[in-house]
Number of protein chains: 2
Amino acid sequence: MQSITTSTYAVHFNQRAYDALNVHLSNKAYSKIFILVDENTHEHCLPSFMGQIQGDYNFEIIEIESGEENKNIDTCTGVWEALSELDGDRKSLVINLGGGVLTDLGGFVASTFKRGIDFINIPTTLLSMVDASVGGKTGVDLGPLKNQIGVINQPEMVLIVTSFLKTLEERQLRSGFAEMLKHGLIQNKAYWEALKEVTNFLYIDDLIYDSVVIKNEVVLQDPTEQHLRKILNYGHTLGHAIESYFLESKTHKTLLHGEAIGIGMILEAYLSKELLGLSDTELADIKSTFLSLYEKVSFSKEDITTILSLLKFDKKNSHGNINFVLISAIGKPDIDIIIPDELYENAFAYYAEQ
Amino acid sequence: MQSITTSTYAVHFNQRAYDALNVHLSNKAYSKIFILVDENTHEHCLPSFMGQIQGDYNFEIIEIESGEENKNIDTCTGVWEALSELDGDRKSLVINLGGGVLTDLGGFVASTFKRGIDFINIPTTLLSMVDASVGGKTGVDLGPLKNQIGVINQPEMVLIVTSFLKTLEERQLRSGFAEMLKHGLIQNKAYWEALKEVTNFLYIDDLIYDSVVIKNEVVLQDPTEQHLRKILNYGHTLGHAIESYFLESKTHKTLLHGEAIGIGMILEAYLSKELLGLSDTELADIKSTFLSLYEKVSFSKEDITTILSLLKFDKKNSHGNINFVLISAIGKPDIDIIIPDELYENAFAYYAEQ
């Protein structure tokens, strides 16, 4: 597969990815190379990764605990301290080998260590391949508030090695697939239709490639999220609030990111029908597609009240308004839509109905 | 005084500073304006600052504790949480009203809150006026390692109101004066000579202005510190290590930044004589000037050993080498000098001798 060029770096795929990395390492003469892993990528991805490195470099492995609940400043402090103790300097490199939690956190740690050192992202989950590989967003959560702390900063390169997907559980793959479906909904109906045909998430290299292309085109047109880039938040305004709520809740099981934004996309499709005239047929198509992939969740009245109160912390807000991305048809987004309060409960009711 | 234009923003002085701020606030329509203060600037600077604001804005005051020992990630977390609880959003502004600890920390907090919001710095100490007002360095310490965590990011504007200097103790003013002396040593012998004539630190508005101009000229030529900008580290390589050591030490009293880099500048002048041929006359001039301003400190053998071990954490290092800025004459700097190990003790001995 061809490499994809973003604003400042390239996304390379599979064997080409390792080739590009080997060239980069031999050109750059880093003083030290840190590989950030979690317990899963340490065991399942690091050995095959190391087998592809040509040349003799000064590697140090730093392991963090996996999981969104560890995507916080305390974990960053642990990594900053490890970098200091292992003599990391301004000419060191950090390679982030893991899912979105790890690449977001590792990108933030590298961007702020000694006011910024080079980093390379190697997303190992489907979600992070199609979502975190372009855009330069880095960051961590502050309590229940997702990505509240972070910076926009670009990696030296992103490497997508699709064989890492074999190390994932089916539920993880399914979760990542939700972001690909989102790319269809906001940009390309034909792509949405193609995704609906997928039966095995391990044979979708071309569709992964297309997703990165779609996201890259959006980000290139609006790198600082003034207007067009906001469309990537489709499903995320309510989805993030739902994800945060389930993460903190003692009685609900945790939802994966894709599962939460899948619900968000159904709810926001309902709002799209009410406010932008999305057709009943497309609304029903969206609902049935997500419900065929992701188990339905039940929300009590209290759940809904708390989720709506979390909404006001969403970082896309300004001046107290909550700005939604909605779609007037599949592939046709519109931004900065304000939702009348009484519609939220109807959206949850639509999600719940048979 | 004329405003000074940096790469992306202006440094405004005295009444012109308030005029520029009032225009900025009325143009920008910020959703909320946060003023970050410490207990000193809250009491001594905030009232006169608020008296100069024209118009009716949504202000919130956030107070942190003063002192280098609070320039850490825990304090940042407190401010991030306050911003979240007080409904800070992407269109909010942070005004940092305080010394270098506060403007460095507040700049980092604003640069990382929701991936970066606007901030304005109002340095209230002499040190921060002449040092932190240009260059875009933000950050906090990690344990004893100064400025280990941070980003380069520019404020919307910097306001220098020299009447705030009246709120400072003599020792604080003296400390800030060391950075001005450094600007003379690295760039301009005539400026060095003019500084030596100063008898009252409250009547030096023009010299403050010149210092900002000198620093700005250096930073404009090399914003990312690849080469020329390194000269601003003169005295800081050893000075930082000394400052860190005294901060952590239980038996020594804490040194102010200027006091520590004052010692660093004498030590590095000695190294400059040994390695770059700085003349005996200028070396003696540098030593006697600093010793007339700053009390002499005694270093035990153990102190020196520990200080030298802290050196290796200095962020200017790479590939394990410690790169010094030295001067071949007053006003003539040279960068990336490696010091033979045996010279360090001689430098401390020169500092100690009568």
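Note that Cβ sites are derived from N, Cα and C of the backbone, with glycine treated the same way.
Taken from TrEMBL as is:
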DOMAIN    B:62-174  domain '3-dehydroquinate synthase N-terminal'
DOMAIN    B:176-317  domain '3-dehydroquinate synthase C-terminal'
Local confidence of the prediction over the domain '3-dehydroquinate synthase N-terminal' (B:62-174), expressed as mean pLDDT: 95
Residue counts (helix, strand, coil, in that order) that DSSP gives for the domain '3-dehydroquinate synthase N-terminal' (B:62-174): 46 helix, 30 strand, 37 coil
Secondary structure tally of the domain '3-dehydroquinate synthase C-terminal' (B:176-317) (DSSP, helix then strand then coil): 101 helix, 0 strand, 41 coil
